[in-house]
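Participant: Pulled these from TrEMBL:
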type     : residues                       : note
SIGNAL   : 1-21                           : signal peptide
DISULFID : CYS40-CYS116                   : disulfide bond
DISULFID : CYS69-CYS80                    : disulfide bond
DOMAIN   : 146-411                        : domain 'Calcineurin-like phosphoesterase'
BINDING  : ASP153, HIS155, ASP225, HIS410 : Zn(2+) 1 binding site
DISULFID : CYS168-CYS173                  : disulfide bond
DISULFID : CYS174-CYS198                  : disulfide bond
BINDING  : ASP225, ASN263, HIS374, HIS408 : Zn(2+) 2 binding site
DISULFID : CYS537-CYS541                  : disulfide bond
Amino acid sequence: MKQAVLLATLAPLASLSGVQANADIWITAIWDDFKEAVDCASCQALLGGLKLVADFGESFLQDVLTGVCDISGAEDSDVCSGIIAAEGPAVYYSLRNLELGSHTAKTFCSNLVGLCDYPAVRPYNLPFPSPKPKTSRPPPSGKPPIKVVHFSDTHVDLFYETGSSFDCTKPICCRAYTEDDAPGKTSSPCGPWGNAKCDPPRQLQQSMMNAIASLDPAFSIYTGDVAAHDVWEITKAEVLEDFNVTYGAMESTLGLVYAAIGNHDAAPLNLFPTTNIPSTYNPQWAYDTLTTAWQALTSNNPAISTAKEYGSYSALHKNTKLRIISYNSMFYYKYNFFSYEEPMAFDPDGQLAWLISELSAAESASERVWLIAHIPSGNADHFHDYSHYLDQIVERYEATIAGLFFGHTHTDEFQISYSDYEHRTWDTATGMGYVAPSMTPTSGPPSFRVYEVDPVTFAVLDFTQFIANITDLKTEPQWVEYYSAKKAYGSKLEVPFQGGELTPAFWHNVTVAMEKDDALFQEFWARRTRGFEVPGCEGDCVSNEICALRGADAQYNCVEITPGFSFEKREERSVLLEKRSQPECNHAGMAPLLVKIAHRASLAREMECYMESEW
Ligand SMILES: *[C@@H]1O[C@H](CO)[C@@H](O)[C@H](O)[C@H]1NC(C)=O
Ligand SMILES: *[C@@H]1O[C@H](CO)[C@@H](O)[C@H](O)[C@H]1NC(C)=O
Ligand SMILES: *[C@@H]1O[C@H](CO)[C@@H](O)[C@H](O)[C@H]1NC(C)=O
């Protein structure tokens, strides 16, 4: 009999007789459950074990999870206990409500440990007030373009210490965690402008903002993630200080910025409950502070008064027909434990209905719309259901939406929407999502992007990526042009690009050119991380990555979970997961910690099997 099951039968006796629950026994049992979790059924058993632990109360659950994390060696002990203390209440809340074997439970096992098949998208009729009109994207006006800057994932670390060690065992370094890490002591000192192992110092951000301001953009967009990755100890006070510094710098240096909320823009991170969940869990303080900062950045633009209470807003850009809609993508983020509601909502807090009403009004007023958000809707981190619903919205308002703009992955990517995913061709391509890389240098040199934009239609005509090489830098970084989309891809198409809008069809044709010309794909692939530690990508990797570019509806993004996979398969998958997340570095907190623990458990099990066979 499995130990957890055995304990389950004993548990009521223990509580009846008033015997204290023994954390050590449960730690061993849950660790065994992790090791035995090799398919969907055993993942449900693991959840069952965790639910039993939760029956003993919130702090008992935290003790057991912390013990399991320690055994696994997934992180330093203080990181284990810090993350679990921060997110434990959310895990407790979700586990208590979870029903084993439900859509929610399977989605959980699929998303977080890759052990269930991804459940099929649940059909949902989006409430469109009118049918799709026959109009299509307007042609470019031919007027001189304006410049719009896009930057993302700044993650400034206010505790960054020049001269401290970049060689540490924590998720971020360049802090004097121990005496040996201190400036003057360490043989691996961080420079004054940042290091690839660390979130950046404040002065790197100021340098970037100065470079942006010197280009004199019409306005900027910022797709979120202000706070640093010290996720095991970050507090509300620290996040508020981070908001003050980063939004303060935007106000003083950049002026007009339209921004979106990121998964790090609250403490604990990732947790953005809907109003179905008790309000004690709600980061209302983050929403309120951001709303105030956003009002200031848009010069108290009255149109922003359509702000929603959960970090979303819609604003008409002054004296134009451009509407910018910023939405909270964390409701659709697989690492938001509060999304695993029982049953899962079709439209968390009605944000999709709100998007539809804003888009519908924009369509009636002949406005064009930019949708900005943190997490790309086609990304592997996005729930399939919500990705599909969002994509239906993009499809319905094809002629109104000029573009979608995201961050989060830290890498330079894009995603195309199609009216027909069975036939993904240039003439079924309906929407273009731009994913801008990060300022934080943990997955490539710090970077920002300048779009050339039609001042009438607000279509993107080109973009240029800027980077700064901060390696061994003693003097102020030089922000230089890295590549231009038009130059890099326009001449490589079967029908060379003649100028005008970089339409979804253009980008589809870029993906076709990449299929035919591996050198072109490899150039794109290297640009993802701005040439930094470019992982090898050949064969299936190439076709899967191209498929991901064509996967704004995430169920078609080719990030697949092998059904009922065996131990060996899971090994491969864990390696794959680590590989994929390594250059991205955007995952932090409890959920990725569970993934790591599961991975460590599978290694431990392999070791035991090996030793048994030696016997
Ligand atoms: C930052 O804090 C100062 C001092 O409390 C305040 O005056 C300022 O408005 C804040 N700035 C932002 C952008 O929050
Ligand atoms: C960045 O600078 C370092 C040190 O000067 C140099 O070794 C490296 O090649 C540079 N990287 C790029 C991408 O230019
Ligand atoms: C895409 O490629 C097709 C086929 O070569 C071509 O007919 C079409 O004009 C191209 N569209 C764009 C925008 O490049």
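Note: Cβ is positioned from N, Cα and C throughout, glycine not excepted.
Surface or core, plus neighbours and distances: that's what I need for these features.
Facilitator: CYS40 (disulfide bond) falls within a helical segment according to DSSP.
CYS69 (disulfide bond) falls within a helix when secondary structure is assigned with DSSP. The Cβ of CYS69 (disulfide bond) lies under 8 Å from the Cβ of GLU75, CYS80, SER81, ILE83, ILE84, LEU593, ILE597, each on the same chain and at least six residues away in sequence.
DSSP assigns ASP153 (Zn(2+) 1 binding site) to coil in the three-state reduction, placing it in neither a helix nor a strand.
In the three-state DSSP reading, CYS168 (disulfide bond) counts as coil.
According to DSSP, CYS174 (disulfide bond) sits in a coil region rather than a helix or strand. Taking the Cβ of CYS174 (disulfide bond) as centre and 10 Å as the limit, one finds 28 other Cβ atoms among all the protein chains shown.
HIS374 (Zn(2+) 2 binding site) falls outside any helix or strand according to DSSP and counts as coil. Applying an 8 A CB threshold to same-chain residues 6+ apart, the list for HIS374 (Zn(2+) 2 binding site) reads SER152, THR223, GLY224, ASP225, ALA260, ILE261, GLY262, ASN263, SER329, MET330, PHE406, GLY407, HIS408.
Long-range neighbours of CYS541 (disulfide bond) (same chain, six or more residues apart, CB within less than 8 Å of its CB): none.
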Participant: Select the closest residue to HIS155 (Zn(2+) 1 binding site) from the following disulfide-bonded residues, measuring between CA atoms: CYS168, CYS173, CYS174, CYS198.
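Facilitator: Closest recorded candidate to HIS155 (Zn(2+) 1 binding site) by Cα: CYS198.
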Participant: CYS174 (disulfide bond): which of the recorded positions CYS40, CYS116, CYS168, HIS410, CYS537 have a C-alpha within 10 angstroms of it?
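Facilitator: So the list is CYS168.
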Participant: Of the recorded positions ASP153, CYS173, CYS198, CYS537, which sits closest to CYS116 (disulfide bond) by Cα distance?
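Facilitator: Going through ASP153, CYS173, CYS198, CYS537 one by one, the Cα closest to that of CYS116 (disulfide bond) is CYS537.
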Participant: Cβ under 6 Å from an atom of ligand 2: which of these recorded positions qualify? The list is CYS69, HIS155, CYS198.
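Facilitator: Near the molecule: none at all.
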Participant: Give, as a single whole number between 0 and 100, the mean pLDDT over the domain 'Calcineurin-like phosphoesterase' (146-411).
Facilitator: 95
